[in-house]
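S.K.: From Swiss-Prot, here are the annotated features:
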type: DOMAIN; residues: 98-142; note: domain 'SMB 2'
type: BINDING; residues: ASP171, THR209, ASP358, HIS359; note: Zn(2+) 1 binding site
type: BINDING; residues: THR209, ASN230, ASP311, HIS474; note: 1-tetradecanoyl-sn-glycerol 3-phosphate binding site
type: BINDING; residues: THR209, ASN230, ASP311, HIS474; note: 1-(9Z-octadecenoyl)-sn-glycero-3-phosphate binding site
type: BINDING; residues: THR209, ASN230, ASP311, HIS474; note: 1-hexadecanoyl-sn-glycero-3-phosphate binding site
type: ACT_SITE; residues: THR209; note: active site, nucleophile
type: BINDING; residues: ASP311, HIS315, HIS474; note: Zn(2+) 2 binding site
type: REGION; residues: 622-887; note: region 'Nuclease-like domain'
type: BINDING; residues: ASP764, ASN766, ASP768, LEU770, ASP772; note: Ca(2+) binding site
Amino acid sequence: MARQGCLGSFQVISLFTFAISVNICLGFTASRIKRAEWDEGPPTVLSDSPWTNTSGSCKGRCFELQEVGPPDCRCDNLCKSYSSCCHDFDELCLKTARGWECTKDRCGEVRNEENACHCSEDCLSRGDCCTNYQVVCKGESHWVDDDCEEIKVPECPAGFVRPPLIIFSVDGFRASYMKKGSKVMPNIEKLRSCGTHAPYMRPVYPTKTFPNLYTLATGLYPESHGIVGNSMYDPVFDASFHLRGREKFNHRWWGGQPLWITATKQGVRAGTFFWSVSIPHERRILTILQWLSLPDNERPSVYAFYSEQPDFSGHKYGPFGPEMTNPLREIDKTVGQLMDGLKQLRLHRCVNVIFVGDHGMEDVTCDRTEFLSNYLTNVDDITLVPGTLGRIRAKSINNSKYDPKTIIANLTCKKPDQHFKPYMKQHLPKRLHYANNRRIEDIHLLVDRRWHVARKPLDVYKKPSGKCFFQGDHGFDNKVNSMQTVFVGYGPTFKYRTKVPPFENIELYNVMCDLLGLKPAPNNGTHGSLNHLLRTNTFRPTMPDEVSRPNYPGIMYLQSEFDLGCTCDDKVEPKNKLEELNKRLHTKGSTEAETGKFRGSKHENKKNLNGSVEPRKERHLLYGRPAVLYRTSYDILYHTDFESGYSEIFLMPLWTSYTISKQAEVSSIPEHLTNCVRPDVRVSPGFSQNCLAYKNDKQMSYGFLFPPYLSSSPEAKYDAFLVTNMVPMYPAFKRVWAYFQRVLVKKYASERNGVNVISGPIFDYNYDGLRDTEDEIKQYVEGSSIPVPTHYYSIITSCLDFTQPADKCDGPLSVSSFILPHRPDNDESCNSSEDESKWVEELMKMHTARVRDIEHLTGLDFYRKTSRSYSEILTLKTYLHTYESEI
């Protein structure tokens, strides 16, 4: 089982136990475990048993699906976890006599109930044959030797209401292991080549087992379901959760609704999802096959198999060790036993199988360890969750001297070869979704791949020899390629011989619900984004309804009404050009504008614009106008080079969209337009920013959402300096934003044959990953009502086929998105004192994001007008550009 830097050859933990009011549980058991140098848990091994009672018998009860409560003894697959098995459980339920396979000499044997499985003539009717019985004794072929076949409809025996689902989960299966192919893993390779597969599946952060297994089960991020690590402390409970502690059995730690509970609540039977480690893999497979043979009214519809390998070997030998071949062969052999067993039951064209991992594995050793004692003088005053990531809290909750910001400062950019980066949790990249939970410590260390972090050397080298007992680990940033894992779907409901783009594991819960005909519980996935995996779709997503329609300004205010402290119009030469520039701002119109709200038609100090209505070209809104999904008031402002949705509440655009061709030129800003800001005569002075606020607030400056550098003409450049294109920016952040607009946008347009860019502000002061309400915004430009964003976003869309220009694309789209933290310093980049070309693009890659993340943080909905199907658009929205090399 996954653990923080596990060492040595010891029995691993299989899975946590969690009992809920319905009679299904998920379970972890601990054999007596050797204390490991990198183990997060307490040094003493606690008893995991709420009660112990061995009276009674397992005769006729082996692996019963109903969990028996205390004080009776148990015979289910998790009784070992609770030390509550009946006294004869091992004798009756864990038989191993004569092994797990038929041989020629066993065919037609006299039934012996002591055998692990049977090769007798009656074994098929009794459902307890060895999985290779038909092959050895009846001359049939192994499943793996049969040709791929397209299963267009489920071929199930009578009585099966729906195709059963078997989830075959493997711990620590790095995606690149699949490159070993059929020579090492012929059965898994056949599942991949004949079914649906992705190059990899992205785990959630942290890339540890507990968080990811429970994410697979619930579709929730760790910050949402509460299992934020393999170990954690809850300050409200004043309790700690560890692999071997009794707390893991307490339901209060586990949030959300896992799949087996969803199934039970909707009348669908679920088999066990987790297994005690003492139960051999072969017995687990045989038990699942026996459950599939139960009468219709007893047979579950969903099952799960869990393997502790190849994680255990990956930790011990590293992902590249030659010793990894045998564990992978053993996993493949188990897959073959399952598929042969299904074929033997005539269920191989009926059952859907998902082969899935929880995370990958990286090459890590003790020699690559950063010690906080080299940075801090008080490491004995802190508690560090160590290893491939670091979580820091005060050792004593009463330590009044503990100051997270001081610790962050003492850990930031102190060495040129530093291998970790400290963050306050709210400043972590938004794509990690790792802040909004009290169990996540305030200080977080993102550790470089292949490295560890510890408090001091004594925490690692506890033995006099100082020998390192591990060669691999996981837990790193979930976009790192070595952390990616495997996904394969095979069966009648999955597509045949289909490769799909990578996706995140939060999406699988919805797919599994679709396979079982269930309505998913609320989760972080985007239902419908993986419809392309399935042959037929039971769920068809629909576009959300727009909540707030925009205003279309139909008048303009007189120049004399504005006293915003802006210094630009007096620089316009000749003077009569000012009125001409303002006339450029008239509403260009469209069918939407004709039927929309035109604000204000009467005012003694206002004059109507040219009344003609021109057909609006979609040059800058290639995929339709973003919809606002909450109640507010905003205006659509048209310009030659860009369009904006201007918020009357925030006094800045919610979004600004523009399209840049491959041939676009970057122009300089004339000296007389430096520090230029113009009033926008279409927007009331009361709904405009006041430039004087920036003169009063010495800590704040401003920038523009549409870059003046990319204006198409000298006249259009004046549009870019409108106050309605202005947003508050810290001077340090302006360096990032200016380089992005001046250099990177042009670079992306050149590389991709043109791009559409949508940018805007984000407000997430409570760091819950959702749009803040007005009441939740905490910071304003001094002396004003101008709110200060916590982040800025940018969505860059082009044609996937770069031979097609962005504005003429008739095929799939490509997207790169960013959520850039808006902070008063650039300390995240240790070389920020250098030229922006040395660090800004790397900073942006760190803060890459999904469009879906941006939608949650802004309350906007993008890509609403396109010829692509909505499911295809959802797939685009959930895509993350990782900037990693190929797996």
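Our numbering is plain: 1 for the first residue shown, then up by one each step along the chain.
For all residues, glycine too, the Cβ spot is worked out from N, Cα and C.
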S.K.: Tell me, how many other CB atoms lie within 10 A of the CB of THR209 (Zn(2+) 1 binding site), whichever protein chain they belong to?
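M.R.: For THR209 (Zn(2+) 1 binding site), the 10 Å Cβ neighbour count is 29.
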S.K.: Calculate the distance in Å between the alpha carbons (Cα) of ASN230 (1-tetradecanoyl-sn-glycerol 3-phosphate binding site) and HIS315 (Zn(2+) 2 binding site), and round it to a whole number.
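M.R.: With distance taken Cα to Cα, HIS315 (Zn(2+) 2 binding site) is 15 Å from ASN230 (1-tetradecanoyl-sn-glycerol 3-phosphate binding site).
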S.K.: Other than its close neighbours in sequence, what residues sit by the domain 'SMB 2' (98-142), given a CB gap under 8 Å and a spacing of at least six beyond its ends?
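M.R.: Hits for the domain 'SMB 2' (98-142): 280, 282-283, 285-286, 289-290, 293, 336-338, 340-341, 343-345.
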S.K.: What Cα-Cα separation, expressed in whole Å, is found between ASP171 (Zn(2+) 1 binding site) and ASP764 (Ca(2+) binding site)?
M.R.: 35
S.K.: Whole-number Å only: compute the distance from the Cα of ASN766 (Ca(2+) binding site) to the Cα of HIS315 (Zn(2+) 2 binding site).
M.R.: 37
S.K.: Based on DSSP, tally up the residues of the domain 'SMB 2' (98-142) by helix, strand and coil.
M.R.: 13 helix, 3 strand, 29 coil
S.K.: Through the lens of DSSP with three states only, how would you label ASP764 (Ca(2+) binding site)?
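M.R.: Going by the DSSP assignment, ASP764 (Ca(2+) binding site) belongs to neither helix nor strand, so it counts as coil.
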S.K.: List only the single closest residue to ASP311 (1-tetradecanoyl-sn-glycerol 3-phosphate binding site), chosen from the binding-site residues HIS359, ASP764, LEU770, ASP772 by CA-CA distance.
M.R.: HIS359
S.K.: Expressed to the nearest Å, what is the distance separating ASP768 (Ca(2+) binding site) and THR209 (Zn(2+) 1 binding site) at their Cα atoms?
M.R.: 23
S.K.: Between the Cα atoms of HIS359 (Zn(2+) 1 binding site) and HIS474 (1-tetradecanoyl-sn-glycerol 3-phosphate binding site), what distance do you get, rounded to the nearest Å?
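M.R.: About 7 Å separate the Cα atoms of these two residues.
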S.K.: As a test of the contact definition, list every same-chain residue at least 6 positions from LEU770 (Ca(2+) binding site) whose Cβ is closer than 8 Å to its Cβ.
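M.R.: LEU770 (Ca(2+) binding site) has long-range Cβ partners ASP764, HIS856, LEU857.
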S.K.: Listed binding-site residues are HIS315, HIS474, ASP772; which of them have CA atoms within 10 A of the CA of THR209 (Zn(2+) 1 binding site)?
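M.R.: Candidates kept after distance check: HIS474.
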